[in-house]
Amino acid sequence: MLTIYHFPQDEAALREQLNRTVSFDPDAQRTVDDILYRVRTEGDAAVLDYTERFQGIRLYDMRVPEAEIEAAYAAADPEFIAILEEAFANITAFHRNEAEKSFFYEQKGGVILGQRVTPMEKALLYVPGGKAAYPSSVLMNAAPAQVAGVDEISMTTPCDAEGKVNPHILAAAKVAGITSVYRLGGAQAVAAFAYGTATIPKVDIVTGPGNKYVALAKKQVFGHVAIDSIAGPSEVVVIADAGAEPEFIVMDMFAQAEHDPDASAVLITPSAELADAVRETAARLAGTMLRGEVITRALTDNGAIVVTGSMQEACKVSDMIAPEHLELHVDNPWEILPDLRHAGAIFMGQWSCETVGDYFAGPNHTLPTNGTARFFSPLSVRDFVKHTSIIAWSKSELARTGEKIARFADHEGLQAHAEAVRVRLKHL
């Protein structure tokens with residue numbers, strides 16, 4: 001199930017095993033192109049048609065009534081509501097630390113320069129539905145939008161064949177202060193909010209994970225709206241020393257592998273003994289898991305155990321992968337943290353399991369995948385705000401610098417640019 005590789009001897013084979021290049025099939029691309037075109041040109045009629053085709057229900061009201069949301073909240077287990085509220089408080093508290101302030105400063109000559117930070121007006125949070133429900137995705141997407149000050153936060157999630165939305169998702173929406181909830185899923189939902197219809201508002205940003213059709217739709221509508229990222233399958237890397245607990249490592253690898261057969265889980269360690277113990281433990285425990293077949297397939301196709309010559313080499317391999325989640329099961333994780341650059345989130349020590357970050361700790365669980373942690377960041381308040389430059393040039397400073405600026409424009413061959421300055425100089 002898990003193959004052991006030795007680094008650097010087996011580097012080529014390891015890279016082949018862990019190749020996470022995203023390739024969307026052409027049939028899916030054509031399907032999404034058709035959906036986007038029809039929704040853009042036909043509006044609600046196309047959205048309803050695709051919902052009937054893909055979700056098996058003819059909707060007459062795409063928006064979930066407030067009464068249905070309130071009923072789901074009232075019927076929920078009070079203990080679960082308390083957990084949701086505490087988790088949302090943790091997530092919100094973390095994201096408050098990301099909030100940016102506008103700034104202004106004065107230069108010589110009475111010039112004032114600055115940057116104004118303003119929230120987006122409307123956001124859509126896409127929350128996956130289907131066989132699994134993820135109220136945690138509601139909280140994680142809503143908290144930074146709320147902290148940013150977004151005026152209207154809409155959420156959409158697929159309904160079942162009877163038109164019902166998972167009550168736990170509705171309860172989470174109530175806790176998170178969502179403005180409006182829609183019972184739509186798939187590429188047609190993304191298109192509806194990206195372009196707007198007679199009944200669905202056009203938003204400024206679409207965030208949240210989904211299947212390949214949702215991912216393709218988000219990629220296609222980027223430019224009409226902002227997006228957070230293109231989410232891929234879940235992934236975790238565990239760096240561990242000889243003193244790590246094998247069962248902790250295995251369960252953390254299983255926690256990613258149970259999501260999807262395409263999920264990836266990798267152990268990197270300088271200890272050959274630990275590598276053997278983890279492989280044996282994984283083989284023994286996989287059959288005891290409810291999603292054992294999915295776990296086995298994921299670890300066989302996309303998992304690995306990597307034995308390195310040193311902890312420094314282990315960090316090098318992790319940076320090569322640039323994982324979504326990185327766990328450090330080592331005696332002093334803070335000691336090796338400076339050697340690590342590329343990861344969506346880093347979990348420090350054996351008690352900081354990735355599940356804590358998924359639900360409760362506070363940092364966002366919407367993270368870059370497929371190696372994009374090299375250049376992308378977790379979902380944050382910054383995704384829901386805009387930065388506007390402020391320039392207040394003074395009369396005296398234009399008199400001092402105007403001709404220099406005009407000559408700069410002359411060198412670029414832009415006459416009107418230069419004259420826009422010179423005409424003002426004549427009035428000084």
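Note that Cβ sites are derived from N, Cα and C of the backbone, with glycine treated the same way.
It should be emphasised that the depicted structure is a prediction, and the values quoted were computed from it without experimental measurement.
The active site, proton acceptor feature in Swiss-Prot is assigned to Glu324 (among others); the stated evidence is sequence analysis. Around Glu324 (active site, proton acceptor), the same-chain residues at least 6 positions away in sequence with a Cβ under 8 Å from its Cβ are Ser234, Glu235, Val236, Ala343, Gly344, Ala345, Leu367, Pro368, Thr369, Ala373.
Swiss-Prot lists His325 (among others) with the feature active site, proton acceptor. Just so you know, the Cβ of His325 (active site, proton acceptor) picks up 26 other Cβ atoms within 10 Å once every protein chain is counted.
Annotation source Swiss-Prot lists NAD(+) binding site at Tyr126, Gln188, Asn211, citing sequence analysis. Classification of Gln188 (NAD(+) binding site) by DSSP places it within a helix.
When secondary structure is read from DSSP and collapsed to three states, Ser234 (substrate binding site) falls in the coil class. The substrate binding site annotation in Swiss-Prot covers Ser234, Gln256, His259, His325, Asp358, Glu412, His417.
Annotation note: His259 (substrate binding site) sits in a coil segment as assigned by DSSP. If you draw a 10 Å sphere around the CB of His259 (substrate binding site), it holds 16 other CB atoms from the protein chains shown. The Zn(2+) binding site annotation in Swiss-Prot covers Gln256, His259, Asp358, His417 and is backed by sequence analysis.
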Euclidean distance between Cα atoms of Gln188 (NAD(+) binding site) and His259 (substrate binding site), Å: 24
Check: same-chain CB within 8 A of NAD(+) site center, minus Tyr126, Gln188, Asn211: Thr156, Pro158, Leu184, Gly185, Gly186, Ala187, Ala189, Val190, Gly210, Tyr213, Val214, Ala217
Cα-nearest neighbour of Gln256 (substrate binding site) within the listed recorded positions, Tyr126, Gln188, Asn211, His325: His325
Among Asp358, Glu412, the most crowded of the binding-site residues [Cβ within 10 Å]: Asp358
Largest tally of Cβ atoms lying within 10 Å of a Cβ, found at which of the binding-site residues Asn211, Ser234, Gln256: Gln256
Farthest-apart CA atoms of Ser234, Gln256, His259, His325, Asp358, Glu412, His417, residues recorded for substrate, distance in Å: 56
His417 (substrate binding site) CB neighbourhood, other CB atoms within 10 A: 14
